[in-house]
């Protein structure tokens, strides 16, 4: 009886599930900001080249990429809260190991510490991937039709808030102590608490087998004095990791969105991982101390990520909602074309930040703000469009395979390739070259939006006939 009342609370207030998922994603993404903020210290600790620094990010991406379809597969056959709890446990243990390996194996003569650190970062990626692969589908389920982009925006910018906190808190920590490994212990501890709580979050309606509702077979049950609708469901065989590939591969709109995700994901990963280092080097031109440059590059860029992502993704969600939403093929086309427009606006700001070397650091940070603002604006409408462009029982696999391809072809390669270009040219040209990949990303959005609108018109003709 008590359990029924507890579950009924989440049925009545699905926003509680959204808050928990947003909190967890914030904590997980703190690690992304923290690893970028301590990259300079890790490089000094083990005397790492730019390529070796890039491997740290690539190891995380490999784990993230390979595990996301596996989490989607098991989420179709097990309770989603249990699957997410297992992933959080892996993340927490791996995060603590990252701190231990970097703390007890110090110095350039102890490269074993670096190799163990890279392995632990791989399993950090494994632990983080479940919340990304499954969270968007859960939010799409629980959100009201009129507020889908708003609900999705909360989950999207919770990640940006986490990255910003990672930059800011780590930057503040480095200003008062040299023990940069402490941040990994703190993150691992907080995530371990969320692992325990996750077992008691009843993520109903999204777990085990996919179902078909029979609207004619409904009854009701009184739970703690309230009447809750109960729908009889007919179980159908769920998709597997392999059976889901073919229907997704036949969806051209989904493929265009994946193409955009690969390019934009690589760019975002590059900016998140290398921007503090880039800003640090620019600040050194003004004869500032290393401590002051570290503080501004980490905390300053963290504030940029926080404000631009929150306001950018919220603005994108509001604009798309006010112009008709993302429902149906017409809504999907609208979301993709708006996203294309936002990226066109983002292009010149970052080019100016990279090309003009003698501008004041305040102007540099302002250009970074507007560039990331428009870069993040498509986030929430794009995620809603992604979940609505495929069949309901394919959404988890659509998100997981998108993650697999984005990580494998975008996030994993971009930091490593950036390091190679930076070693052979310089960090300025590495930034410019990778930012230019935003141009083909814009083309993918245009093609996907055009096809979606074509489907809408064909659908209307069939209805008329």
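The backbone N, Cα and C atoms fix where each Cβ goes, glycine too.
Copied over from TrEMBL:
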- 17-459: domain 'Major facilitator superfamily (MFS) profile' (DOMAIN)
- 7-30: transmembrane segment (TRANSMEM)
- 83-106: transmembrane segment (TRANSMEM)
- 112-139: transmembrane segment (TRANSMEM)
- 151-176: transmembrane segment (TRANSMEM)
- 182-201: transmembrane segment (TRANSMEM)
- 253-275: transmembrane segment (TRANSMEM)
- 295-320: transmembrane segment (TRANSMEM)
- 332-356: transmembrane segment (TRANSMEM)
- 362-382: transmembrane segment (TRANSMEM)
- 433-455: transmembrane segment (TRANSMEM)
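Long-range contacts of the transmembrane segment (83-106) within the same chain: residues 24, 28, 31, 42, 45, 67, 71, 74-75, 112-114, 116-117, 120-121, 123-124, 126-131, 134, 179-185, 187-189, 191-192, 194-195, 198-199, 203, each at least 6 residues beyond the stretch ends and with a Cβ under 8 Å from a Cβ of the stretch. When pLDDT values are averaged over the domain 'Major facilitator superfamily (MFS) profile' (17-459), the model yields 80.
Long-range neighbours of the transmembrane segment (433-455) within the same chain, counting only residues 6 or more positions beyond its ends whose Cβ lies under 8 Å from a Cβ of the stretch, are 252-253, 256-257, 259-260, 263-264, 266-267, 270, 329-330, 332-337, 339-340, 343-344, 346-347, 350-351, 354, 375, 378, 389, 414, 417-418, 421.
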